[in-house]
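> As annotated in TrEMBL:
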type   : residues : note
DOMAIN : 70-102   : domain 'FTP'
DOMAIN : 118-181  : domain 'PepSY'
DOMAIN : 191-327  : domain 'Peptidase M4'
DOMAIN : 343-503  : domain 'Peptidase M4 C-terminal'
SIGNAL : 1-27     : signal peptide
Amino acid sequence: MRRRAALAMVTGTVSVLVTLSIPPASADPPKSPDRVAAATDHLVTSRPAMLHSSPQDAYTRQRVIAGQGGLRYTPYTRTYAGLPVHGGDFVVVTDAAGGVLSTSVSQEAALEVSTTPKLSADEAARLARAELSEVASVAAPKLSVMAEGRGRLVYEVVVTGADRGRPSRLHVFVDAGTGAIAQKSEEVMAGVGNSFYNGNPVTFPTRVSGGVYSMTDVMRPGIACGGQNGAPYTGADDSWGNGSGTNLETACVDTMYAIDREWEMLDVWLDRDGFDGLGRGFPARVGLNDVNAYWNGINASFGHTTDNRRQATSMDVVAHEYGHAIFAHTPGQDYGTNEKMILNESSGDIFGALTEHYANQPATLDPPDYMVGEEVNIAGTGPIRYMYRPSILSGHPDCFSSQVPPMMPQVGAGVQNHWFYLLAEGSNPVNGQPPSPTCDNSIIAGLGIRKAGQIFMGTLLRKTQVWTHQRARRASLEAAAQLFPNTCVELKTVRAAWNAVRVPAVAGEPQGCPNFFGVTLTPASVTVPPGGQVNVAVSTVTTVPPAQDISLYATNLPPGTTAAFTPQAITSGTGSTLTVTAGAGTAPGTYYVTVRANGTSTDRIAVLTLTVTA
């Protein structure tokens, strides 16, 4: 059983408490130490200023997420005086060995706020309830802190019901002092339907039990399709639908096929296991009595076109709705400000485009493009969005400005869509895709949609609860630099694409082409008796020139044990010898020693497993 421990470390006047999932330094350790977790926990406890920590902050490490290129993403949540902090989360990015590459921190100042509310929880619930026209339920208000300035005490209230006849799950943050609505965030994401036609026949996994077939995917846990009652469609044989646009079983055929293509795209192109990143998906429901499609946090629901002749289950619409599921199941969750909802809506479009391009259907079906809903013509006006030139639709922005964050998500999505198109295809593609005018009159050569998708996925894995266009810009630059460390092309193209849609630079984003190095220990695990001594080779390699000057340190040593480096100062590309001497009185057990390599512009961490025998 993995044990949990609390580690406190005092730096100056700030005490940082981190809930760890690695074992304490004692006997009975796990067989495979979690080097990434040990490295990120060490960073958190040793760099409180970087995280804007206060004496009342505590952190909990979430599951380490494996990504492309061997990168690891470790999200942390924050509490203040025991209360959850909305916007206080952050992500630490490392290489596979635990070398820290970057952090994504949304909070901008240490918290200092009273945790005594003036408003009662019942009053907060009443105020939140008034924000929804049709209320089915109101969850118990949860006292929280919003990471605004030095902090804002709020109640978070989740109100479920309907808004203008459409399903709603609204997160309402009520100021615990004044009763003002600090923030509202809709969890149910709505898009617009598309055609049902994918050609015939199409195949997808189903389940059979006792001679009864079910539209339940036996290969992908959680994936099933049926009507609005939530039950998967069943039949006496494994032949489904009749090809009609009004037939709901046919709608499920198209839905299951689109899910199959998107799931495979995530695996092959983006190195992601399922919609939640853990190999699981979510059910689909067709037959929604609405000209729309929704993601509600639990399932995707698909309606029909205005003329009710086709179901909203084309590939890009299905992939769009499940794109919201991916957004929700990356760090930082999916609720927050309106600007975050805009970026969520755009994310659905991006995953729709990625899926269409991966499926690569012929021109007679639904060929890969950057139009959203082009097959349905839901109101007789064509696609609902154009990623390559959003302003084809009146009021949709090509370029970022202060007018974008308050826009309707379905309108404001154009800016990030435009950025992604420029990143993937460039401003003047030569592959038949349409030209895309830039806002700064620049000319951009695209990286290809697969590489653009990899950078976008790396961006989402750095997402925090507070998410803006500028934060996405910074995260995507970090993703490009770390996923493709041996070239500057990707980093420069990401920057040029953001500049081309006028999203301003943000403090702390990578400047120029970074120089990187790696550090390894040989062996990575050693055994020594009390009073004994052992040598470990410390090797470094310059992955992106020029070489860096490095200083070596060892921390988290057991009591009575010393460590010395020969030499202590090196240049990346060279090595050193670490000599560990156990004290005569050092208690037997297994310990995790942190070896830190502090470079000129980059720091790296490696973890040495040290076992002291009895």
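The backbone N, Cα and C atoms fix where each Cβ goes, and this holds for glycine too.
Automatic prediction, not curation, is the source of TrEMBL annotations.
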> Given a Cβ distance threshold of under 8 angstroms, which distant residues of the chain, six or more beyond its ends, lie next to the domain 'FTP' (70-102)?
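Those are 18, 35-40, 43-44, 51, 54, 56-64, 111, 113, 115, 142-148, 151, 153-154, 156, 173, 331-332, 458, 461-466, 478, 482-483, 518-520, 602-607, in sequence order.
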> Report the mean pLDDT of the predicted model across the domain 'PepSY' (118-181), rounded to a whole number.
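That stretch averages a pLDDT of 93.
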> Report the DSSP secondary-structure composition of the domain 'FTP' (70-102) as helix, strand and coil residue counts.
1 helix, 21 strand, 11 coil
